[in-house]
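TrEMBL annotations:
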- 8-141: domain 'EXPERA' (DOMAIN)
- 12-32: transmembrane segment (TRANSMEM)
- 63-85: transmembrane segment (TRANSMEM)
- 97-117: transmembrane segment (TRANSMEM)
- 129-146: transmembrane segment (TRANSMEM)
Amino acid sequence: MGVLGKVVDGILLLTFVSMSVVPACLDAQVLLPKALFPDVLGRVYSWYTTTYQDYLLLDEPHFFMALMKLELVLVLPLAILNTYGLLTSKPWFNTTCLIFGSALVTSTTAMVGDMLGSDKPSAGKLASMYSPFIGFGFLAILRGLLSESPNASKTMANGPTSALKKKA
């Protein structure tokens, strides 16, 4: 993998780590009882929502709550798996990276779309904070689609029947 590939993997690693920490520590507070979280995380959540006036977290619209559930059930586990898969060069990484990117682009686009159509004063600032994750999602999709695993390139070089010949 060339320099560009290493840069992409570095960006994705930071994305995976942030998407492993933020949903578990902050976004989960929208869905789960506050008593489950340490006071420091509650203070960080309160600071963020009041400082940035994140109306999605403050108003809790139904579509956003559904997206938060998706984030906790699908995106968070995939971010953790992708961190592990990227660091250990697992062969399934491309598949989970593709799924992660698709889920991230879909959910973030819905949130940014709501922000851009909103008349809330904080919407523009929030959209500029959330929008980069659409790009990170597309980067994950491209990484999942365009990268070959080392085993795939060996199989293609030897031809599709080489694996069958070895068994015989």
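Positions of Cβ are set from backbone N, Cα and C atoms, glycine also.
Curation does not apply to TrEMBL; its annotations are automatic.
Mean model confidence for the domain 'EXPERA' (8-141) is a pLDDT of 95. Counting residue by residue with DSSP, the domain 'EXPERA' (8-141) contains 115 helix, 0 strand, 19 coil.
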